């Protein structure tokens, strides 16, 4: 086979694969083929991809034309890159040439004639143009401009776009082929057509040129947005005006639009063209939307209102104006009143252009202010000139080119990059490099203007770090130390220490408060000043590293405070010592006491006055004015540091009183508890112990002689004091649960919490919906209340308004497969827009009502009134009866065609109506026969619901006659019956056979709907109590209907609402599950698809019903590509995928289109040609171009797919899936970073970075909208915020909602977005909101028990927790998505997150800190919710919690937390602390309390003091200890975490369900989970502060259906949980073995039960919550895997998951610094207490307490180490030497056994001593290991590292065996595994799991 043939096969295979991959495209789309494979280097400057796409489309019509186009594409690519140097160019050209050869072969190999090609192409062009009616386009353009939109035109939108694209390609290729050789008539005609097309290109250019939302470069026929008056006005406002300077001719003027101010700015400053295009649209939309809120312009040439421009101007430049005031410079304009509207728009545009191209400098907002300040001044000077010139600051000195990016941004970026390189990938100390905040704070000082303009390249600011020569930190240094905790929140610690001191003094004085006690209590004075002095010392110490670069003002303050508090401390201490002297002396003189009181009183009064004054807004204003006077400024400055941020952090008085009252209640509870249950019970034992002398120690005492048993007292008080510091968080939790519950109840949460409640209150929904969610204020939308006089009419109008929205919600539930077709029919609501005055309700409310009413009527023996009263008790039964009656009447009147029959119908109903009104119905009818009438009516409606046919028509006529017969002869009383029988007209028609012989088959949609409803009312007998069945559908409907009664702002019309954008960062997570992913089975035979079918069985059935596959299996769906794609989406919508997020967020657009569509119809009304029915008809609303344009004006969705470009180049499946999402969602935009390799002149490859935005074009391919060059790699800091930052320039609107890619949204919630956005204008305190917090629903709760725990915990925080934080505490921050940001506020202040490496690892919360410090306001709203996915497996949860805990560890070191802690008032600071880093501090304190208690008890036990003291004093303060330990235990097992959760359950589920849920959680071992979680948080939080190492941990976000191997769990939890658990177990064993208590072992167990629970939870939780964790086969495999991992030696490049040695090395990487080694050394010393204490307790040592005993124990230990070395020694030199080694090992083993036997036999050494020795030596060995690891460099140099590694391996082996043994034992019992499956997963999946195990076993047998 030839090379050519091989290549042909390869090309065909590639094209087939492309076609398969494109199976997921929209119907009617072809595969992208070669068009999708154009290399970026070719596609960027040409339209090759468009030519090839046109060739693909034309292929079927004319293959010869397709061949001509392909040849032209090849020619263009050859001209562009003749040597094929670009990436992928050679492969592309070769493939294209092969395709051309194929097409030539099809042509028969005839010679190519270019002239014939041109003529052929020209003829095809003319035919194509004629066939697609292109001449009609100009007519349609005029219609659009006049505002007339035809349905036909709207349906042709997509077709027109494709036609334009193909037409433009054909004419371009013709022009290229003709070139300059215009020789004959055809070529002249072609060139004339080219000129004509270019002249009229404006007609449809907007559809050919890529645009984002508004086609500004040229108008669009298919996009109505350009015809909106506000958009037109905004476009007019940015036009070039006569007062601006002339732009030189060298500037390329735009072809299809007028010149505007952006062209001027592009020329002057050299902004990139795509930045210009991007910000042009941004400014137009911003101004247009501001105008729309003020009213639409009505002039012939619409103009923007001055107020709209002012509003935007002040919002955009607010931060700049504040910065100018702070640094003391004038703004760049004279005054707001002096500058024109046009000049304001220019300044707005300039700022946005500076920001849009600033790249990473966007994180330095005050630097942007500095740049804007100077560029605005440059512009001011240029604008006053007659002709525009380039700004000098942007002109390159090398080539005189003008470039803002190169000259302004690039130097700053280079310095940023150099500093970021110093962080050593996050491992270097924060103090070693400048982060974004350091750069930004440089501009907080007036001295920043020394930088000059253009910026001096040799300035300290732009100096790149070189070795030791670098610019230091700005005003804060993030040293890694726990001391930041005290420094940032010193007021809290001082308060707690002083209160403890005061309460302890009072307790020791037996509660007597007299003068003597008062004098002792006054010791808090010196303590207060000393503690403040410590804080001043920390200020001095922790500023090291910033002294050279900090502002002199700030340094002066630090040293003034240090000196003053030092002097004050000494002075107050001296005074107080004198007071004590006076007290002890008998002299009655109290001079010093009076002086002391005076000094303390004056100081306290001044502080209190300052504190109170700062809470009064009027005083704040006075304080602001007083800044002009140096005297006041000095005192304010000493009292509180002055920064650009953090000024004015006060709230209005009412809010202040609320949160102060909140904390006063907590303090009252906390200190009462502390005094009576913690401090007071310890006073007696302490006095007794202090009074004890000559206590005997059982070891050699070194420190306790003559110090009144200080260590004993410390061991007694330490755990109580630890709990004292921590338990304030418990009281906060209880108080917040109570307040949050009351606030939730007040907000009407949980009023509708069941489907029964929903049904009962459904009647009130339409009015509530109209009042809240339907705009009644807009001038173009009349209020329905204007049309209704009677309540019935008003209800009908409300129902008609509500129905289309309700039905669309039900439709969305059906599309999501939460309800079946039948349920959709029952839940849907009639339009209520017909003639029937009665409100028609959904059938699920009325089902079974008619059969029951018929029974009541049949059994009725009473009067008509009694019967109606009985029916009316159920209001929906009354509705059903009335509707049946009116529908039956209307149907019969409509279908009976003959005159006699119609007379009978009219007379019958007239008689019945008369008798009803007279109350005598029961006289003229026989209700017992009503059932018979209903059956005949049912038969008739059953026929009429079907499609008309002659047989059915005859059957319907007979059914009507049967109905007539039954009614006349059975139902009516004899008098009426006889009347109808003897009525001549009827009798004659009956005898002649004409009566009811002709039926009018229903064709009117309204009538057909009535017939269908009547039929269902008569036939549906099922109760509606179980509709819908799906729990998620119920939850959503219940929440939505409940929210209608909650307080929310009135919705604005869509045209007047605040525009917003949704913004999602994405990296490489799952976009859409592939078929192979869904089907791949784990070792149990469980696939993701199988798992989903078992977890969501009803949704699977609904899915099959929706795609019309009924009872099909998943395997059978492979037959159809469309069904396969639907299956992929169905599964993906149940996972945490990008597809789910995109679908959810696009509901916003759908909701806005629906709302806009109905508002437009109602505004036009009957005058516009809409009948009452049409006014509420939503059919085709998604195709309305006006509604689509209105939605696009108000909503955009940008997904920032950072590596999408790389994924496309690699042909990754994620790229294809993202492209599929783009095709299915026309409003979706994807931003990504494109990297291009550019050869430099010196031959090196230079990488260029671009920020790109793409959308799907008409062919479904990516269409590049903008491409903005970046100064370099944007990822200098944390990945996610950098990913957000590069794409934020493409967002639009005034608000931006940040959404993670594991979130979801619902159509019914999207309808409330207008209301939510109005909160930005609501009254929420002194300041307008800048972040709106939203409620989240965690949708992963049903996956497993762990997911349920996590879901409940998360839900309680995002609802009740954040409710309290926002109000009354006023400290809610941004805790991640889905909060809504004030976009203009945040993008001008640094963005929506911070990005400095490691310190900003929890990037989201810094947005909250930044917003608060910059005088923002963060609120929380619970009438709207967004879905959120959470981690569902223990390992995922642990990684997530580790990430968050590590992030909080970094927060403690950050300047943001320091400033908030310093600048908030005391009570608000408390709220902030306990809800951010304080939560983790208290969590860690909970675990430390266990250690403190047990080490204290072990000290007493090993020293022998507990027995000695107990013999002399029976009381050891057990009351206080019990109280402390009980509090610790309740925190440990998550009880207090659960209190808000339970309160949330009670509020939203009801008391019984809450209790039931809580009990079920306990039975599913949630306490084990919470205890384990406690260890995770403690480990990562503590390690981060000690050593660093916080990092983003990818959790996977997938379904955990696989068994986690033992070794994997061991690696993850060994150091975080297992080591610590075994240490606690060791402490407990030593305590039990050597401690003393009267009650024996049972007392020990009761005292330590919480600690044993912690040990068991930490050791075994990973295996309890591991799927199939106790299955014997897996246990055996796990053991083999673990031993293989443990013994594998590893080597260079071997990962830790394969080798123990590699893992062990990785585990030590966190110890990097000298400080870290010293801290590890100090912490490791605690393990030596075991050996020191136990050796003196051995029978062998007796009562000997000399140090020699301890020394001898080290000799023994050394001997054991030598023996270990003998047994582990191996060498590979010779076999003889091996034999010798084995001989020595054998002799040593025998000798060791003999020696042990002799020791036991001839000395006092006992068997228990052997076990005790193990307890002694194991911790010592671990301590030596820890020290060796900490000082590994030294150990390596001594040649001992290999020995240390082997000892470490032995320790890990021992720990593994200890954990594995119980698991192996339990795995023997099969029922344990079954029980575990039930525990972990719901019952459906448990059953499925067991079945799959059997199937897997059968498979194995078959294979065998």
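Here the Cβ of each residue, glycine as well, is placed from N, Cα and C on the backbone.
Look at TrEMBL and you will find 19-41 tagged as region 'Disordered'. Among the features that TrEMBL reports, domain '1,3-beta-glucan synthase component FKS1-like' is placed at 342-456. Sequence annotations record features per position, and here TrEMBL assigns transmembrane segment to 489-508, 520-546, 558-577, 592-614, 1472-1493, 1529-1549, 1555-1575, 1618-1637, 1747-1767, 1779-1802, 1814-1834, 1855-1872 (among others).
Packing against the transmembrane segment (1555-1575) from elsewhere in the chain are residues 1345-1346, 1348-1349, 1352, 1434, 1437-1438, 1441, 1483, 1486-1487, 1531-1535, 1537-1538, 1541-1542, 1545, 1549, 1616-1617, 1620-1621, 1653-1654, 1656-1658, 1661-1662, 1664-1665, 1879: each is 6 or more residues past its ends and has a CB under 8 Å from a CB in it. Each of 489-508, 592-614, 1618-1637, 1747-1767, 1779-1802 was scored by its Cβ pairs under 8 Å to the transmembrane segment (558-577), and the highest score goes to 592-614.
The transmembrane segment (1618-1637) makes no contact with the transmembrane segment (1779-1802), as judged by fewer than three Cβ pairs under 8 Å among residues 6 or more apart in sequence. Beyond the ends of the transmembrane segment (1747-1767), by six or more residues, the same chain brings 700, 1731-1732, 1735-1736, 1741, 1784-1785, 1788-1789, 1792, 1813, 1816-1817, 1820-1821, 1843, 1846-1847, 1850 to within a C-beta distance below 8 angstroms of the stretch. Under 8 Å from some Cβ of the transmembrane segment (592-614) lie the Cβ atoms of residues 519, 522, 525, 571-572, 575-576, 578-579, 581-582, 620, 623, 639, 650, 1465-1466, all in the same chain and six or more residues away from its ends.
Here the domain '1,3-beta-glucan synthase component FKS1-like' (342-456) has, by DSSP, the following mix of helix, strand and coil residues: 78 helix, 3 strand, 34 coil. Through the fold, the transmembrane segment (1814-1834) approaches residues 1623, 1626, 1629-1630, 1633, 1708, 1711, 1716-1717, 1720-1721, 1723-1728, 1730-1731, 1734-1735, 1753, 1757, 1760, 1840-1841, 1844, 1847-1848, 1851 of its own chain, all at least 6 residues removed from its boundaries and within a Cβ separation under 8 Å.
Model confidence over the domain '1,3-beta-glucan synthase component FKS1-like' (342-456) stands at 92, taken as the mean pLDDT rounded to a whole number.
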